[in-house]
Amino acid sequence: MSAGFVVRRIGFYVLICAITLFFAVPMLWIASAPFDKNPGLGVHWPDWTLENVRKTLEHPYAMHSMVNSLLICVTTAVAVTAFAALASYALSRVRMPGRDALLYGLLLLSSVVTGTAAMVPIFVMMFQLGLIDSRFGVALVMTGGLLPAAIFILKDFVDAVPKSYEESARVFGASTGQILRDVVLPVARPGLATIMVWAFVNSWGNFLVPFLLIRSIEKQPGAVLMQTLTDEGGSVNLQVLPVFSLLFSIPVVVLYLLVNSRYGFRFHGGIKS
Amino acid sequence: MTTASPPAPADPVQGRGPADGGGRAGARGPARDVAGLGVGRALGFVAPALLLIGAFLVFPAIWTIYIGLTNYRLTGVEAVSPSMVGLSNYTKALNDALFHNALWLTLLFVLGSAIIGQNILGFTLAWVMRRTRPAVRRTVEAFVLLAWILPSTVVAYLWVAFFDRDGGTLNNILGTPGTAWLIDYPMACLVFFNTWRGTAFSMMLYSSALQAVPPSQLESARMVGASGWQTLRDVVFPHIRGHVLTNTLLISLWTANDFSPFLLTKGGPNHESETVPVYIYNVALQGGELGYSSAISFLLLIANLLVSLIYLRLLRRRS
């Protein structure tokens, strides 16, 4: 073992440690502050207590905003999955006029029309439709935004499903409805589950859309409530916000781990919040 | 309608494989109606999705053009009866120092955090992690991925706490109590924040790209005594050049459209961190100038469209 090798080995581990610290240190606070008797903004070993958790559960809006988040995100996830499933199956199996152009258009849409680029017209549109301060309106906008990418991921998935299952079902005289329900649906389940989780996680973390469209605090989802509480400031929030951040992050991490362990992480169907 | 990334499809548009059987000449893609759906019902299947996309994605994008040609405002006379003002919103943008400032800051943000930060850190991680023990690899990747999947408001709050003037972790580490990082160095903070936030994507993309580099070539490079840098430049880079390009385009697009800077600094202090998305928001909803902000939105849409077209063309050429 030469000296050069040892030096390189040490440098290698120093590099890994430095990068890990860069990623880990800002996160440590969310692990310590929620359970600290004197929560501050810096990371330090906590003086253990569950008082903050109690305060958060009693907070007039905290748990309520979780329910709002759930309402919005479940609606979005179900709608995205249902509509994307129908569309992607038809686009994968049936040759329709203009199909390739449509797919190309969807792919462009998913990256060109971002929330920030479309926030003004969306705000104006929802304002004129009277859908400001409506959780259903938020879910609608999110569904429209997620659908192009969802159709794309699912179509990739359906394309990979062998057609022989459907063919043999047909040979045995199954109707179209039976084939879809009893053959296609079960085979496509991993893809549907992945898309549902992907849509849920994306809408759960979405700040901009509800921030634009929701006015009253009792309708705010968690992502917006956090911002509202941060702006208020004050010492109460140092007790509530850390616990709330932790609670608000749990569903995303759990769902991610679930999809990752059950179906494996498919890179181009990656989840990003 | 998310600040989120659409996933990167491996193979867009073109169906793969040869034309399907059944003697239907000229057919492209894997379309074969095995379940007996029929074109009519298939259109019915596609319709609900297209209606939603049309109403909440395509229509707003097109409507931006119209609103951008008016003096529409959130309040006042122009809120009730806006009038056409032609291209004056665009000529205004040409002379608007704050818009130029926003463009410049967005450029800095994209260059610093995406093109340099995420790209280099992501590649370094992918390259270094090839040869580490699985336990180390999994631990490091867990943190990098966690930074990527946590909700943006949570992440923003973590960093606000990290940078805080009184008792923030950064001041504790550096021993510089009382330094208000987000006020004194807002752009640098945003660059660090976004590098941290988005590196996971580049790391995963480069990890899978590096697997395509033939081990035999790496071995021969080692045999002839090439240095690490020479190996990277002459053996690895030619194999992943396409990935570098597409990755850079994608993360630049996402970064330029990222609304998270609003959560950290709201564009302040005094417009020093007001990137284009934050500027659009401030002009539209704080200033109430819906017409003018629509014109700027339209410019952002065009920029997005150009980057996406280049991206798709590159992808298609590769496949």
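Just so it is clear, glycine is given a Cβ too, placed from its N, Cα and C backbone atoms.
All TrEMBL annotations are machine predictions without curation.
Computed from a predicted structure; not experimentally measured.
What TrEMBL lists as domain 'ABC transmembrane type-1' is A:66-259.
Residues or ranges marked as transmembrane segment in TrEMBL: A:12-31 (among others). Within the same chain, residues 41-43, 242, 245-246, 249 sit at least 6 positions outside the transmembrane segment (A:12-31) and bring their C-beta atoms closer than 8 Å to a C-beta of that stretch.
TrEMBL lists A:69-91 (among others) with the feature transmembrane segment.
Residues 91, 141, 145, 148-149, 151-152, 155, 206, 208-209, 212-213 of the same chain, all 6+ positions outside the transmembrane segment (A:103-124), place their C-beta atoms under 8 angstroms from a C-beta of that stretch. Among the features that TrEMBL reports, transmembrane segment is placed at A:103-124 (among others).
Annotation comment: TrEMBL describes A:136-154 (among others) as transmembrane segment. Cβ atoms under 8 Å from those of the transmembrane segment (A:136-154) belong to residues 71-72, 75-76, 79-81, 83-85, 87-88, 91, 103, 106-107, 109-110, 113, 115, 122, 126, 129, 188, 191-192, 194-195, 198-199, 202-203, 206, 209-210, 213-214, 221, 268-269 of the same chain, restricted to positions at least 6 beyond its ends.
Distant neighbours of the transmembrane segment (A:195-217): 61, 69, 72-74, 76-78, 80-81, 84-85, 115-116, 119, 122-123, 126, 131-135, 137-139, 141-142, 145-146, 150, 153-154, 223-225, 227-228, 251-252, 255-256, 258-259, 269, 271-273; these residues of the same chain sit at least 6 beyond its ends, with a Cβ under 8 Å from one of its Cβ atoms. Taken from TrEMBL, the feature transmembrane segment covers A:195-217 (among others).
The transmembrane segment annotation in TrEMBL covers A:237-259 (among others).
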